[in-house]
There are 2 protein chains.
Amino acid sequence: MNHDSPKIPQATAKRLPLYYRFIQNLHSSGKQRVSSAELSEAVKVDSATIRRDFSYFGALGKKGYGYNVSYLLSFFRKTLDQDEITNVALIGVGNLGTAFLNYNFMKNNNTKIQIAFDVDEEKVGTVIGDVPIYHLDELEERLDLKEVPVAILTVPSSAAQGITDRLAEAQIKGILNFTPARLNVPPTIRVHHIDLAVELQSLVYFLKNYPDASDEKSE
Amino acid sequence: MNHDSPKIPQATAKRLPLYYRFIQNLHSSGKQRVSSAELSEAVKVDSATIRRDFSYFGALGKKGYGYNVSYLLSFFRKTLDQDEITNVALIGVGNLGTAFLNYNFMKNNNTKIQIAFDVDEEKVGTVIGDVPIYHLDELEERLDLKEVPVAILTVPSSAAQGITDRLAEAQIKGILNFTPARLNVPPTIRVHHIDLAVELQSLVYFLKNYPDASDEKSE
């Protein structure tokens, strides 16, 4: 926990990894300073929002000069604890799970999938993207939650709550839930829920009701 | 476009498909009325937010009685145009794309993937989850954007902008972008961006900085 970080709005916090990635790109390309308008163009967030987000962290830039890229980079690296890797378990090695294993967040990230679980005997004992796959029966035995505090849940909906209960019992800290199931967890466990069907439905709703996308500035 | 719908905040609009799904579940289970507290428990959104969201649509409930489930159901069905199916194209039949094709949003949804594209000759000509896969070279020829106004983009990052330019040229209306690339599109095209690495990074950030998840009510 960063005791020196102020409490910032959740919406701002969600944009930080995005800012960080683009500031890395700018830095790699040798750029030394950047305006909020340029950042806005790159990350597709309107520049007023960027300035407001950055204001929570104190004076990161100067009017008329923009932001110093190296300073931003070191600031975001510290804020996002990029130097410390968080290990992640993946539960459910279907198509979506396999996509995660192959991708494994290698670039520009502070997270690494270390271990995976499935019930399919053809998958158990294999390795995908350097990650070993164990049988779900061995979850409690294999998963050291001191080392791996986060799980990605890519199992069938019907299995989600049962596995969540086992993770909760073992005192997992966070779950990234890709099943349509809403999970019941103790208040100490943080669940972020990404429902792909809802995301698609939401896009369709916006297309029907706000057909002119240019009415809005941010995604 | 629903000319009778008021403009509602984007955050509210994003929750509508979620509400709709759970109201369907309630209705299927024979429940006739529901309180905002019960809805809150089911969808994991705090009840003050639910009441505020619902207030944009006028008086949907009565104090002390709660909401009438049948009324809510017909209201949300109408609002979300559930009776009208939106056809979707999927571009990129890798692991993530295959997950979408197998899932295909069949249950409780108003969207259907009708056609898919890839460059892999082993996939071209096959059918996954009833969806035919064509070669990406045939995109403009096969894709009737009058019938299929939305595309899901699950291609490698490096291919994303090129394909987006072709979709834009063909006047697609909406893109659900699962690549890490930020897409440049004309203002008339709506892009929703789901960056899986950013979602994971965001969860990790919250775990480090807000370790007590119970501080917050909504996901």
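From the backbone N, Cα and C atoms, a Cβ is placed for every residue, glycine too.
For reference, TrEMBL has these:
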DNA_BIND  B:18-57  DNA-binding region
DOMAIN    B:81-182  domain 'CoA-binding'
BINDING   B:G92, B:V93, B:G94, B:N95, B:L96, B:G97  NAD(+) binding site
Binding-site residues near chain A, Cβ-Cβ under 8 Å, from B:V93, B:G94, B:N95
B:G94, B:N95
Number of Cβ atoms other than its own within 10 Å, given for B:L96 (NAD(+) binding site)
23
Mean pLDDT across the domain 'CoA-binding' (B:81-182) comes out at 90
Out of the binding-site residues B:G92, B:G94, B:G97, the residue with the smallest number of other Cβ atoms within 10 Å is B:G94
Helix, strand or coil at B:V93 (NAD(+) binding site) [DSSP, three-state]:
coil
Least Cβ-crowded entry, counting other Cβ within 10 Å, from the binding-site residues listed as B:V93, B:N95
B:N95
Reported in the order helix, strand, coil, what are the DSSP residue counts of the DNA-binding region (B:18-57)?
28 helix, 2 strand, 10 coil
How many of the residues that make up the domain 'CoA-binding' (B:81-182) does DSSP mark as helix, as strand and as coil?
29 helix, 29 strand, 44 coil
